[in-house]
Amino acid sequence: MKLFFPALLSLGALGLCLAASKKSVRWCTTSPAESSKCAQWQRRMKKVRGPSVTCVKKTSRFECIQAISTEKADAVTLDGGLVYDAGLDPYKLRPIAAEVYGTENNPQTHYYAVAIAKKGTNFQLNQLQGLKSCHTGLGRSAGWNIPMGLLRPFLDWTGPPEPLQKAVAKFFSASCVPCVDGKEYPNLCQLCAGTGENKCACSSQEPYFGYSGAFKCLQDGAGDVAFVKDSTVFESLPAKADRDQYELLCPNNTRKPVDAFQECHLARVPSHAVVARSVNGKEDLIWKLLVKAQEKFGRGKPSGFQLFGSPAGQKDLLFKDSALGLLRISSKIDSGLYLGSNYITAIRGLRETAAEVELRRAQVVWCAVGSDEQLKCQEWSRQSNQSVVCATASTTEDCIALVLKGEADALSLDGGYIYIAGKCGLVPVLAESQQSPESSGLDCVHRPVKGYLAVAVVRKANDKITWNSLRGKKSCHTAVDRTAGWNIPMGLLSKNTDSCRFDEFLSQSCAPGSDPRSKLCALCAGNEEGQNKCVPNSSERYYGYTGAFRCLAENVGDVAFVKDVTVLDNTDGKNTEQWAKDLKLGDFELLCLNGTRKPVTEAESCHLAVAPNHAVVSRIDKVAHLEQVLLRQQAHFGRNGRDCPGKFCLFQSKTKNLLFNDNTECLAKLQGKTTYEEYLGPQYVTAIAKLRRCSTSPLLEACAFLMR
């Protein structure tokens, strides 16, 4: 692993200053074989003078979750299904390191859940009723959650409170599902090979437990189908001739060879992960232990002890035998982000009633950023008779994360955030189309979206300022990572100065979302009580287009980076708030890139760039339903809707631009631009990618890890 792991280990070692003395990681084990390996690991770590590891004996992974939560243990490696359970109340554990699979040249932090059958048996995935099945274990990803989620339409099951196990026991003629209560569901333990109390045990004491065990159940002829992962058959059968006796069952009810798992699988599943407490979890110490252990006992090391290996006759003790190593997981990633919405939806679908599943599919969960948006969203929800319901987060990135986890479905984003959301796998659904003199309300939904102009605004009286003399001036921004307020002007400035030190180029700023201690937040004011200073939501009075212009209008900043209509919307009586009611359009001018200045009304010939309109984003599986719901809502509450202004208006706000821009005429179709790259355009995407060298986004970094 010369190419891969030295770089991997050096990343993890940075910034780790914890003294190993008097500190120990208590690793949780679930069988005598794991306890034996853990004890050997403990002795080996002492020899190399690494961080101390001690071993805590439990009888199941679930007992380990409880022990870690109550601070009686510190770490254990879990399958994705148990990562989900561990992340719930009251445990609140989070994944801190992911197992890496694949090859040195193509390392992966995921695997594929597959269904395998012997060649010549001729049944398909939709013909499993009455057959015999082999599973890795109850509640595990590849062996239970994914296949049962896929088979739910075929099960005679209305959902809780009736146990899923009861429906599965009726569906298959016999099974081996380790970890099931064999007394209550004898049919689900009928095929298991353990003896006495070990029959159907939730550990390697049951010979058919885990991936290799479930495949052995198929090999031995006990079962007709095995639910395992893509690498299981390769690990169990090194010879291709032997593997050729088996086939994959595909979701489209065909079969493929076992090496075609990328085209024929039940789901893409995140790899097993080490979990720890989310508070006081010894995360740095655990990672320091794992770094040293990989360095000394990892894949390809000459030591007699192998961290990712098990003695003859044993499999997957403490870690998967197939793991190449471990990658540290960003602190931004909780269990929901790690697992992703598809996997979580599968799990929830197996725990909810049919009515609950249908309600969740029918509703749209809108994500509101901050308390002001939450209030507007709640009113929308009431007026829509719960067709739309609300989730809330304090920042736009946190809302994007909720959509990724399936805890929300959509929100409307500025182009800069569309870039981040797109990099995380979300897609645009509908675009905000603004009013213009040539607009026609009748064709707004189908009219191509024009985009808007990003501009730099100054007070007319401050006549010495030009685009070329901004160094040392005070600036007002909509928010970090937003298009007109940050990405476009900062991209141009970094290109001109070849520097990313914006806090040195500008004397002071209000750029919501920056470090509150930095000069980039020095001009921010927070709310009327002085709280929430520099937060990237409407609790910061200088946030957004209107807020950035207010920062300029109140003589706090010298220049405001906004869009072309911002000044028009807030002067000459258009905005009746106290701070804006006396502002005159003629008191402001635009800075042109050639060093001249022009009236605000001449933005067409004096702007920084053309920016893509805001757009609604969601997960790809929600696009069709979301578009249908939003167009229906728009017919009621849009600018010309039959219930606006009588009941509620989507495109009006008590404070400016909540949920959508107030000057939105309609939500328009995308004209075939269905990916973030197509919607934003190649020039904008390239510009953002270059600007990314100047700043980091925790969510972007998290998504880069998750999408690897």
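The backbone N, Cα and C atoms fix where each Cβ goes, glycine too.
Positions annotated as domain 'Transferrin-like 1' by Swiss-Prot, on the basis of sequence analysis: 25-352.
On the 0 to 100 pLDDT scale, the region 'Interaction with E.coli ompC' (44-51) averages 95 in this prediction. According to Swiss-Prot, the feature region 'Interaction with E.coli ompC' maps to 44-51.
Listed in sequence order, S69, R277, S278, V279 are the same-chain residues six or more apart from K92 (active site) with CB atoms under 8 A from its CB. The active site annotation in Swiss-Prot covers K92 and rests on sequence analysis.
The annotation hydrogencarbonate 1 binding site is assigned in Swiss-Prot to T136, R140, A142, G143. Summarising the environment of G143 (hydrogencarbonate 1 binding site), the number of other Cβ atoms within 10 Å of its Cβ, over all protein chains shown, is 31.
Counting Cβ atoms from all protein chains shown, S278 (active site, nucleophile) has 18 others lying within 10 Å of its own Cβ. The feature active site, nucleophile is assigned by Swiss-Prot to S278, with sequence analysis given as support.
Here Swiss-Prot flags 364-693 as domain 'Transferrin-like 2', drawing on sequence analysis.
All protein chains included, Y545 (Fe(3+) 2 binding site) registers 27 other Cβ atoms within 10 Å of its own Cβ. Positions annotated as Fe(3+) 2 binding site by Swiss-Prot: D414, Y452, Y545, H614.
In the three-state DSSP scheme, G485 (hydrogencarbonate 2 binding site) falls into the helix class. In the shown protein chains, 31 other C-beta atoms lie within 10 A of the C-beta of G485 (hydrogencarbonate 2 binding site). Annotation source Swiss-Prot lists hydrogencarbonate 2 binding site at T478, R482, A484, G485.
A484 (hydrogencarbonate 2 binding site) sits 45 Å from A142 (hydrogencarbonate 1 binding site), counting Cα to Cα.
Distance between Cα atoms for Y545 (Fe(3+) 2 binding site) and G485 (hydrogencarbonate 2 binding site): 8 Å, as a whole number. Rounded to the nearest whole angstrom, the C-alpha distance between H614 (Fe(3+) 2 binding site) and G143 (hydrogencarbonate 1 binding site) is 42.
Checked against T478 (hydrogencarbonate 2 binding site), the binding-site residues T136, R140, A142, G143, Y452 differ in C-alpha distance, with Y452 being the nearest. For the recorded site, Y452 (Fe(3+) 2 binding site), the DSSP three-state label reads strand. Across the fold, the C-alpha of R482 (hydrogencarbonate 2 binding site) and the C-alpha of Y452 (Fe(3+) 2 binding site) stand 13 Å from each other. Distance noted between the C-alpha atoms of G143 (hydrogencarbonate 1 binding site) and G485 (hydrogencarbonate 2 binding site) is 49 Å. The number of other CB atoms found within 10 A of the CB of T136 (hydrogencarbonate 1 binding site), across every protein chain shown, is 31. The CA atom of R140 (hydrogencarbonate 1 binding site) is located 46 Å away from the CA atom of G485 (hydrogencarbonate 2 binding site).
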